[in-house]
Structure formats: C-alpha cells, structure tokens
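Below is one structure, written out as structure tokens, with a few remarks after it.
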Amino acid sequence: MLCHRPSGLQLLSYFLTVLLFPVACFSSVSLAFPICTTCLIASYVFVYAQNIFLTFFDVSPDELVIRRKQGIKPVKFDPRRHSHVIERGFCNICQIHVKEKTKHCRRCNICVEVFDHHCIWLNNCIGKKNYRLFIVLLVSIVFLSSGATVLGFLQLLFWISDTEHMQEMSAQIFSLVIPLWVWLLASFASFASHLAIGAVTAHLLRFHIKLWKKGITTYRFIIDQRQKKTASRETISAQNEGSIERVLNEGHAVEKLGDEWRNAVLKFHNEHRRKLAKGMQPTAGEKLMPPAKDMNELEWDSDMEKEAKAFICDPTLPSVDFGVTYDSIDLSGSNFNISTRTRAVLKKWWNQAKKTDLSSDPIYDREKIREFGNMALAKNTRLACAYGSCADGGKLLCMYDQMPMPTHALYQKASVPAEICTACSVSTHCVDSLCSSRKPDGSITDKWRNAVLKFHNEHRRKLAKGMQPTAGAKLMPPAKDMNELKWDSDMEEEAKAFICDPTLPSVDFGVTYGRIDLDGSSSDIFARTRAVLNKWWNKAKKTDLSSDPIYDREKIREFGVMALAKNTRLACAYGSCADGGKLLCMYDQIPMLSHALVTQNELLYKKAVDGGEICTGCPTSAQCVNYLCQAK
C-alpha cells in the first residue's frame, strides 16, 4: 500500500539503486571474476523486488481491508468529541476495533497492528504484518553491499599490485572500449558507495536485533528515551528553581517577578477559594465555614502588578482604592525557593480564618481577619502581588480589585452544596465550584493565537537581524532567508488531536511539546504560554551557535524547530491530559539530521555576512518586510 504521495527520500532511494546498479556491474566486468556480474545482477534484482513489494505491502488490519473493499472510507478526526485517535480499543478515524499496540499512522491514515515505525525510505509503515520482511530486506542489503564492497576492494587491490594477469586483461579489453581511468573511477565509486550503505544498514540491523532481544518496538524505544530526557530536564529545572534577579526601583530593590512565581501565587489563592466555596474551610471551634454561591475565580492583573511594585515599601497610601494585604518576607540568602517562602506568608494570612468563628456568618472583621477577608472576598476577580527589599527588610504585597466592607459578608452563603455557583454572574460559568470567566481547557481564542504568533515572529526577526544571544556572551549570525510565520488552522486541528500523544514517529511536522499549568484563568494563560515558549527559545543561550547555526537535536531541539528559516506555517494548542496540562506547537518543516548521504545536521538558516545580506535569500514569491521573508 503506497502511503500518500512518494516522499523525497523514497525517490532518492530509487535513484541510488538505479545509479549504483550499472556502476557496480560495469566495474565488475573482468575475466578475472567472470561470475561476479551475474551475482550482482541477481542480488540487485532481488533487493529491488523486495523494496517494491514492501513499498506496496498493505499493513492494514483485516477489518479495515474489508471495510475498504466495501467502499467505506476513514472519517475525519473530531477533537471536540474525542481526546485521542484510539480510545478503548476503537479507532475514531478508521472506525474499527483494534488490538493492543496498534497505532494510527497519520501519514498513511491507517491503523497498524504492533506499530514499529513509518519507514521514510519505503514510504510505508512497518508493523506486525511486514516486520520480518523488513528484516529480510535489511539482511539482503547488508549482504549485497558487503559483496560489492569486497569485490571492489579486490579489483582495486589487483590493479594497484599490477599483477601480470590483471594488466594484460585490462590492456586487451578496457583500453579498446573506454579509457582505463573510467573503469578505475567506477570501481572506486562502487566500493565507497556500497561500503557506506552497508555500514549504515548494518547499524540499523544491529539496532533492530537489540530491540528484538528487549521485546520492544522502535516506537516504544523512542517514547522511553524521550520520557527519560524529559524527566532529566525537569530535575535540572527543579534544582535551579529559586534563583531571582533584582532591579532597582526608586531607591528600593524590587524583585523581577517570574511567571512561575505568579502562577504559584494565583494557584494558591484559587485553590483555597475553591476549598472555601465547597464548604471545606475550617474555622474556630473545629467547625467549617458555609459554602459559597458567588465565589469568583481570580485572574492575574498586569496593571495592578505595576501598582503593587510602586507601593511595595509604602502600602498605606490613602489614594490606593484596592484591597491590600502586606507583610514581611525573608529574602536573605542567595539560593532559596521564593515560591516556598511566599506560600508560607500566604498560608499565614489565610489561617486567620481558623482563629475566629465564621461558621455561621462570614462577616468581615478588619481587626481579626484583615488579610483573610481580602483573599476570600467573593466579588474579587483580579489579583496581583509583588515582593522586594525595603529599608526595614523584605516585603510582600498583594492587591485585589475590591475592598471588603466592615460588618458585610465576604460572600453569599449556600445552604446546601447544590446552591454552589448559583449566584454567578451571567458572564461567567461554574468551573469546579468557582465562577469563572475563562473558557474550558483547550478552547483557543484568536487573542491567544495572535500572542503565540507574535512571539515567534518577533524572536525570528531578532534572530534574522543578528541580535540573538548565544552561549559565551556571543551573538548568532544574521539570516538571509528567515520566513515570516503564518497561523495554519488545519495544522491547529492536528495539534489538538495529538496534544496528549505527541510522540508519534509518523508525524511529519516539526513538533515542540511541554508542560503548562492550566489551573489558572484565561488571562494568565498568556503569561504561562510565554513562559514555556521562552524556555524553548532560550536553549539558544546554552549552546555556542555564533559560528554556524547547526541543528542539534539533543541540545536545541525546541529552539531548532522554532528558528528553522524554511518554516512558513505554525499552529499551537493546549489542553489537559492524564498527567497535567500540555502545550504543543507544530511547524510545517523539520530540521534534518545527518544520515548516510549528509555528513552534518542541517543549518537552521543561511548565514548573512553582514546586515546588507539579510533577506537576500528570500524566494521570488516573497518580499522582505522588517527583516523577514513575507509571502506576497
């Protein structure tokens, strides 16, 4: 079965086979080895027949073959109805029941039982039905290449040693047809080419033998390796957490807030407000506070954050009409986790509810529950905090968009759990006991799309201008051919479909993938997305790319895909999976790794010697707009 249209590498394999066949046969025509040409011809015919057979081999499950004969075609995957392509042993595209270890190849658009990998040289999937045939093909190529290599070596050795028979034979035959140097060149080309092909194929065969001994597939091996690397990166990230940068602001040191810290503060507030709304908040006398009808989910406010930073050392200004909580925080030391110390202060404020009996009516008392009252006020919808060093030590200040009124209730009591969220405003809906203005996880807005696209093009423009920092306090070279990215709606549907399973080897798009916290609201999803994108892009600062921007999958995997000049289309999606929130971005091209025919990994872009060469590599169908190649 031919998957989709022929791929470039598939056509390349056919071309090499057709080219090497006459070269090998011609170089072997010699009276000293009369049987060699016949053996080579037979071997090439056998290998070529195997190649064609595997290319058109149908690996579809029997049920799918029957449905195809009945004229029933696969349906388009609907991510709104299904989280995964295959759920509970049923493929939502092929519309058939499948066995364990079956995967749906998106490129071939078929299910493959015991999926191993999608072979780019055959342009077909390798699975249970044809895996043994694939191994036979590898063995055949190794034997053919080994034989041709040995033959070429012996002929060259005989010629170099200038034996009487070889010299006489060559003079009688080859000098009458074509010059001797042509035969020598063909012999050397056959020897070198078959040696390279044999070595690479033998390495691949050895790899599959190791997998066979372990009882795993190539697909399983790839997933296991990526999971190990992800775990390693998360460990390093956890070890580095807590480092903070300081900037001066009107005579006192205000900390440069990180998105991780903002998310931690926001998550603390909403988790505890949710607990309160459910009627699970302890109060004095080992009692519980009543549940709430109208408890809003908080969102982070960037403008309010600026206010908090401005008043960090003077929070008592009467002109401030926000709710304010304020306390000391320990900022001493050089290596500490600021999120942990912040949570300790927030917990101290929240636990004021346990010292006053609020089980009957949650009435605000400024003297007893000042900080708790601000944090628990139901009508609050926006929040911002900041911390910094003042004359009398470290300070933490949080601001809320509403102020609790003395002797007024903090929220509307719910008599029974069924009344929770019943007083939410018409512009919100109930999300886990809180009145939320955000859309459900994975619901992507144009504002979010534009923010992601803007991030990519701004950073690609900075790279094209030669202003992208790299390791060693150096800069990456400018680019001749950096394309401007456009959002692709069809690719967005692909991203949504594979958000929880991004490791499919058959996906022929460039893919970047990482964790994202989705416990916040619709406004802070922008900050959280930017944090993940920044993490990916900043990998350029950890590897020296000042000389040649060569793709290295181990060191700059995500950055390499984001910065690849030939990319023109982009789409991202986020959503909740079994192990947490995920962000996945897809690009229309993949950086190429080295292989048998390419000695080094692909350059991410064409280097410009100076600023005058920027955009000179743009295709004729594009124009230079602010350092990027923009389609006309």
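Cβ atoms are placed via backbone N, Cα and C, with glycine included.
Under the heading domain 'SCP', TrEMBL lists 260-404, 447-594. According to TrEMBL, the transmembrane segment annotation covers 12-35, 41-59, 133-160, 180-205.
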Within-chain partners of the transmembrane segment (41-59) [C-beta distance under 8 Å, separation at least 6 from its ends]: 1-2, 10, 13, 17, 21, 24-25, 65, 110, 112-113, 119, 122-130, 133-134, 136-137, 140-141, 143-144, 147
Integer mean pLDDT for the domain 'SCP' (260-404): 89
Helix, strand and coil residues within the domain 'SCP' (260-404) as assigned by DSSP: 52 helix, 32 strand, 61 coil
